[in-house]
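As recorded in TrEMBL:
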- 22-199: domain 'GTP cyclohydrolase I' (DOMAIN)
- C92, H95, C163: Zn(2+) binding site (BINDING)
Amino acid sequence: MACELETEIVGDGKAPVPAEVSEAIRTLIRWSGDAPEREGLLETPERVARAWKEYCRGYGDDPAYHLSRIFHEVGGYDDVVLLKGIPFQSHCEHHMAPIVGKAHIAYLPGDYVVGISKLARVLHAYANRLQVQERLTSEVANCIWEHLKPQGVAVVIEATHGCMTGRGVRTPGVVMKTSRMLGVFRDSEKSREEVLKLIAS
Ligand SMILES: Nc1nc2c(ncn2[C@@H]2O[C@H](COP(=O)(O)OP(=O)(O)OP(=O)(O)O)[C@@H](O)[C@H]2O)c(=O)[nH]1
Ligand SMILES: [Zn+2]
């Protein structure tokens with residue numbers, strides 16, 4: 001997803017920030033009740049802009065690319081592969097507040113396996129965007145299903161939402177849990193129970 005304000009990294013490694021973006025952040029600071037011209041806040045708009053570019057780096061990351069190197073050789077292994085407890089950070093599309101959690105990604109191989117780091121890369125490519133947890137869960141599962149063509153995929157995500165802790169209902173400690181099951185994990189209760197047991201173990 002290209003943005004017409006997008007700029008390239010130059011020289012000192014710091015990306016230049018379009019004036020329109022830093023001005024918007026200056027306005028937000030003013031609206032929050034502070035003075036953007038005071039010393040401590042002088043460079044803040046550019047820092048915030050770069051931080052947001054980093055939080056949202058997933059827009060420049062193609063999840064399918066990470067599943068483009070898959071392997072036929074499974075060495076006779078025909079059971080579930082689980083990557084458990086992958087920490088991630090995202091931001092909710094409603095408040096742009098942090099979503100912090102862990103994902104568990106499992107698949108039952110068909111003809112292919114993939115380097116396990118690639119499953120985490122797929123997760124981060126989708127997480128580093130403005131998200132809702134349900135969509136993040138589905139997108140990760142669907143991508144693996146489509147590109148790895150396994151017999152089954154299970155994605156379970158547990159996360160806390162900053163928009164529920166620091167503002168609004170102000171209820172810390174609540175964990176939202178979502179899951180998306182495809183193939184055998186959706187169709188067979190026994191397979192689903194097995195993979196959920198593995199995730200919980
Ligand atoms: N289903 C779902 N809801 C989310 C997620 N992240 C944030 N939300 C919710 O999105 C909702 C937005 O509700 P609104 O009523 O439009 O916004 P709001 O007035 O700021 O809501 P409050 O948070 O209740 O103050 C809130 O209930 C949030 O808790 C998510 O990943 N999934
Ligand atoms: Zn939110």
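Note: Cβ is positioned from N, Cα and C throughout, glycine not excepted.
In sequence order, C92, H94, H95, A97 make up the list of same-chain residues 6 or more apart from C163 (Zn(2+) binding site) whose Cβ falls under 8 Å from its Cβ. Same-chain residues with CB within 8 A of the center of the C92, H95, C163 CB atoms, the Zn(2+) site residues themselves not counted, are H91, E93, H94, M96, A97, I99, H161, G162, M164, R167, G168. C92 (Zn(2+) binding site) falls within a strand segment according to DSSP. In the shown protein chains, 18 other C-beta atoms lie within 10 A of the C-beta of C92 (Zn(2+) binding site). This prediction places the mean pLDDT of the domain 'GTP cyclohydrolase I' (22-199) at 96. Summarising the environment of H95 (Zn(2+) binding site), the number of other Cβ atoms within 10 Å of its Cβ, over all protein chains shown, is 15.
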